[in-house]
């Protein structure tokens, strides 16, 4: 019994010792498999941002929605997280140029907005209501100011040389503000050229008055500096004439002329009947009068004709929104199918905003003198854009099933521009400034958009050389470049329209 008992214990002990070994042998493969799986997942994650995939692999693995152009054979991102998508901004793949073209375009328009909003000298702000000597309009200047203007010692021949009669239209006529700046600029330049010849009078004043010559020299030097700065600004673009800097220079120069005139009056009270001194003071006063005349001409151009520039900012804001949405879509859409669907709808909505924003400058400035038509057209395009925007955000809108409907809606919104342009041609004529100021840039913009759309639709050039344009200058990338170029052309034309509108008053 004892021997049997010991044998039973030994058998039981061997069994107990064997069980952990069995458990170890059963657990080890599972643990090894788990580690292998983790390693593979880690390897896949770490290499996802390094390895790009082919068109065939995306379609084979069920990611066909990420690759809709069979002529782009490689360079596709797959299994990217949001962070990896963002970092892929600095990687080279088949969406890199798509992202950067519209991201840079958005940055350009954002900087233009800030520049125009902060600098103030590229667009004319609201007209200054504080005019010198009460001369606020061209008609008021011609009726009340012209005799006084010609009383200046040197100004009359300057006015005749620059065509002063053009500044005095009939009561129903119009004068371009640019003409006033042209005349004022000539008068200022003439005064500047006269200043060096007056330096010989400084010594004469010093001999007769004493202690005043230094003040005369200092006054004339300050006048030369401020007059030169203002003249240089007026000699530039007509939009510079109403900048904050020019307004400040005009105010400083006006104060300088008044100070100089008062100073010369004090000197005149000291010299009595001395003829040489009287002649010297008359010459100095003549320059002061000419500068004052130029300032009065500038004040005459600052009438109540105030042209808002908000339509230009509306267009620039729409360009920023559209290009930002597009760049975001092309950078982040590979995260997941839901992300792709949402960002694609956002991209379509951005396109709607750009189309609507492009209409605002053209309609507002072209129909500026016809408030009812202007309001009707702006309300129409805003309503159409709002409806298109709403439809664009619907999930079903971005599916292939509604490709034709989607295209027709965008085309209808875009081709609505034919209506106001045709109206302008019918009402004013093809060669009227209302039409000529915009028709050339408008055709160029249309050519860029149309060319880009044709390139995109025909998948040129990659359809003829599959795989050669995977990373650089594929049809979609060329389309993006055309969009940015067309938007910049439209921006430049919006500035031209604004300047023309500001320079052309409405008929009475």
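Note that Cβ sites are derived from N, Cα and C of the backbone, with glycine treated the same way.
The C-beta environment of residue 480 (Zn(2+) binding site), restricted to residues of the same chain at least 6 apart in sequence and closer than 8 Å, consists of 97, 98, 101, 102, 326, 452. Annotated Zn(2+) binding site per TrEMBL: 330, 476, 480, in sequence order.
Residues or ranges marked as compositional bias 'Polar residues' by TrEMBL: 23-34.
The region 'Disordered' annotation in TrEMBL covers 15-49.
Long-range neighbours of the transmembrane segment (97-118) within the same chain, counting only residues 6 or more positions beyond its ends whose Cβ lies under 8 Å from a Cβ of the stretch, are 89, 309, 312-313, 316-317, 319-320, 323-324, 326-327, 330-331, 471-474, 476-477, 480-481, 483-484, 487-488, 491. The annotation transmembrane segment is assigned in TrEMBL to 97-118 (among others).
The transmembrane segment feature in TrEMBL is assigned to 310-334 (among others). Residues 66, 77-78, 80, 82, 85-86, 88-89, 95, 98-100, 102-103, 105-106, 109-110, 112-113, 116-117, 123, 340, 343-344, 346-347, 349-351, 353-354, 356-358, 360-361, 363-365, 480, 483-484, 487, 490-491, 494-495, 498 of the same chain lie 6+ residues outside the transmembrane segment (310-334) yet bring a C-beta within less than 8 angstroms of a C-beta in it.
Sequence annotations record features per position, and here TrEMBL assigns transmembrane segment to 346-365 (among others).
Annotated transmembrane segment per TrEMBL: 377-397 (among others), in sequence order. Outside the transmembrane segment (377-397) by six or more residues, the chain places 341, 345-346, 348-349, 351-353, 355-356, 359-360, 363-364, 367, 405-406, 409-410, 412-413, 416, 419-420 with a CB less than 8 A from a CB of the stretch.
Taken from TrEMBL, the feature transmembrane segment applies to 409-429 (among others). Same-chain residues lying 6+ beyond the ends of the transmembrane segment (409-429) with a Cβ under 8 Å from its Cβ atoms: 348, 351-352, 355-356, 358-359, 362-363, 366-367, 373, 377, 380-381, 384-385, 388, 391, 435, 439, 442.
The annotation transmembrane segment is assigned in TrEMBL to 435-457 (among others). Residues 362, 366, 421, 424-425, 428-429, 475-476, 478-483, 485-486, 489-490, 492-493, 496-497, 500 of the same chain, all 6+ positions outside the transmembrane segment (435-457), place their C-beta atoms under 8 angstroms from a C-beta of that stretch.
Sequence-distant contacts of the transmembrane segment (478-495) (same chain, six or more residues past either end, CB-CB distance under 8 Å): 97-98, 101-102, 104-105, 108-109, 112, 122-123, 239, 311-312, 315-316, 319, 323, 326, 354, 358, 361-362, 365, 438, 441-442, 444-445, 448-449, 451-453, 455-456, 460. Among the features that TrEMBL reports, transmembrane segment is placed at 478-495 (among others).
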